[in-house]
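All remarks here apply to the structure that follows.
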Amino acid sequence: MMAVAAAQKNREMFAIKKSYSIENGYPSRRRSLVDDARFETIVVKQTKQTVLDEARAKANEDKLSQEIQQTVEDNDYDEEEIRMAAVDSLPHKPQEHEPSADGEEKEKDAGLTEEEVVLQNAASESPEAEKEVVRAAVVVRLRDGMGSLGRILKAVEAYHGAVVHLESRQSRSDGVQFDVLIKIDMARANLLQLIRSLRQTQSFGSVSLLSENNVNVKAPWFPKHASELDNCNHLMTKYEPDLDMNHPGFADQVYRARRKEIAEIAFAYRYGDPIPHIDYTETENKTWAAVFGRVKELMVKHACSEYIAVFRKLEEEKIFVKERLPQLQEMSDFLRKNTGFTLRPAAGLLTARDFLASLAFRIFQSTQYVRHINSPYHTPEPDCIHELLGHMPLLADPSFAQFSQEIGLASLGASDEEIEKLSTVYWFTVEFGLCKEKDEVKAYGAGLLSAYGELLHAISDKPEHRAFDPASTAVQPYQDQEYQPIYYVAESFEDAKEKFRRWVSTMSRPFEVRFNPHTERVEVLDSVDKLETLVSQLNTEMLHLTNAIAKLRQPFC
């Protein structure tokens, strides 16, 4: 339990608690997932750098204190001599040399990597945590060939560690012959000393700690089960009307109180709970009715056929009626029957990483509050009308649901820069996407289908229409203050999915993931056993398909 608590604390150390607000000098007019992802990247980098700088400074201070104390114990110095010894030991002075793992000398280096900071913090929890044996992976680059391997093994033995796995490969780095991956069981404190010792050896190009406590840096923490989305609810802002003077509800104290009330309900939600029922007011239902009528009027001519088909099905099942707002639970039940998607209440706009991660589990995080009555056809942030009319119908379409899940799966473990690109692709597809239907261009983006002004603009000849290509779409600047000057047009959902898959395969993430529908877990495909299990499952599916085709080809008797 102690190790789990330490790991959670280390994850929280680099987490964003709040990154998007006027207090941070970031405008909050018409917000977008892309803007949030970019701002999130900046804040994460700044937070990480601050934590690392503090840890490195503390390491230097601790080392300095130890050296001064040793000096005081060995010699009977007066106060001035102690002060001068401290000055001479400051980091700007040349560092002393100390013996390394192989007896060579190298300058002391108190710099710590992010992984070492996490390890050091875990070790500092208690004396027991310091002595706890953990498993870590260390990569050592050998300058002088495999002859240096013996030095590594000798150092591991000296620090009372056990080698559980070792592999090598030719290095692609200049001046380095081999890269060696070595997995070690060792006490945390000894592991830190081992890394420092190896790093001071001239025969090694670099020494990198990859993992601690069985957590592989190649697969950084991300939710593996839908229940872990309880830990993925970092908001960019909590209550937009409280922050933005341009918000239609800023001066409406009743509206602001209502928003806060509904947001608190979402904050209290946990995995497995029934979605809370919201008793919508007459004013909120009136706002819904106005938008519902306009969308129904325009969709026949401008929405894609998949959207229209599900919209009518929702009307048939009395979920979409003009007189009242649908409840998220009834909509979630409808989605589950059709595509396996479900809904989860959200208090507001989530960080890009958290929002995209939920899609990997076929879960859409939806708000439950309603836009202000004074602005029924436009909202500065996603509200439940945008979610219900814009997103929900297509999440009940199998092809579109699969596309949405694949964006979510691609985001798990992705770098901050790749999250920005995935958010941009999401912006130009799921939010503002167009597709071809016979000889006409139709809308499938939720931001278009729930905002008639931009819908009419998008299908006109005013903006530029480009063929959807994920590589170029991912880096296309977007417009979040006015209508888009550029829209991307997909040949079909299937074509968009195929292009997206090819593009995702070029991302830097060094592992693949899959969603197991039987266990409802995301699996990292990082071992032969997992791949063999997957192949066995696929072979069974192929057998069923082959048998089905054979039976269909038999003559009817």
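FYI, residue positions are counted from 1 along the chain as it appears here.
Cβ coordinates come from backbone N, Cα and C, glycine included.
Over in TrEMBL, the protein carries these features:
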- 87-111: region 'Disordered' (REGION)
- 90-111: compositional bias 'Basic and acidic residues' (COMPBIAS)
- 207-553: domain 'Biopterin-dependent aromatic amino acid hydroxylase family profile' (DOMAIN)
- His386, His391, Glu431: Fe cation binding site (BINDING)
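Where TrEMBL records a feature, it is marked here on the structure.
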residue : record                 : Cβ neighbours (10 Å)
His386  : Fe cation binding site : 22
His391  : Fe cation binding site : 24
Glu431  : Fe cation binding site : 23
Mean of the pLDDT scores, which run from 0 to 100, over the domain 'Biopterin-dependent aromatic amino acid hydroxylase family profile' (207-553): 87
Environment of His386, His391, Glu431, the listed Fe cation site - residues of the same chain whose CB lies within 8 A of the CB centroid: Pro382, Glu387, Gly390, Val430, Gly445, Ala446, Gly447, Leu449, Ser450
